[in-house]
Each structure stands twice: as C-alpha cells, then as structure tokens.
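These notes concern the structure reproduced below.
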C-alpha cells in the first residue's frame with residue numbers, strides 16, 4: 001500500500017505536467033533501479049522455518065527478499081518525469 005501511494009503521488013505530478021501516468025510499472029522499475037536504495041544485507045530464515053527450508057538472501061540488484069529495494073521519492077519522480 002505504501003508504494004502504491006507513492007505511485008499515486010507520482011501519477012498526480014505527471015498529470016499536472018501534461019504527461020501520461022505510469023501504468024504497468026515493471027519495465028519502468030527495472031529500467032530505473034538507481035532510484036531505489038538497494039538492500040544488500042539480510043535473509044529471511046528464522047526459527048519458524050524448518051532447517052531444511054531454503055531461505056532467500058538480500059544481494060546486489062533485484063532479489064526475492066527485497067525486490068529492487070526501497071524507493072527514493074525525489075529520484076523516482078525525476079525519472080518518471082523524464083520517461
């Protein structure tokens with residue numbers, strides 16, 4: 001829900017600038033990974049998982065644990081306005 005709110009704010013800015021809204025986000029997100037803070041440390045194994053259950057580690061770039069990272073609103077907005 002928080003990221004959807006960020007995209008709603010960006011879409012408002014795009015409309016105000018006379019540009020189309022973002023729509024389907026995947027191509028934009030993966031082309032704009034520099035507008036996210038990459039999370040490279042951590043894993044999701046815990047005491048509730050059996051020892052044989054594989055876990056995911058945070059790594060450089062996209063990973064199944066943290067995706068592309070946390071968005072930086074100002075940079076995300078600037079990238080959207082340039083797109």
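In case you wondered, yes, glycine gets a Cβ from its N, Cα and C as well.
Listed features, source TrEMBL:
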| type | residues | note |
| --- | --- | --- |
| DOMAIN | 1-83 | domain 'Peptidase S53' |
| BINDING | 38, 39, 61, 63 | Ca(2+) binding site |
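Residues 40, 58, 59, 60, 62, 66, 67, 68, 69 surround the recorded Ca(2+) site, their Cβ atoms falling within 8 Å of the Cβ centroid of 38, 39, 61, 63, which are themselves excluded. With helix defined as DSSP H, G or I and strand as E or B, the domain 'Peptidase S53' (1-83) counts 34 helix, 8 strand, 41 coil. Packing around residue 39 (Ca(2+) binding site) is summarised by its Cβ count: 16 other Cβ atoms lie within 10 angstroms of its Cβ, all protein chains included.
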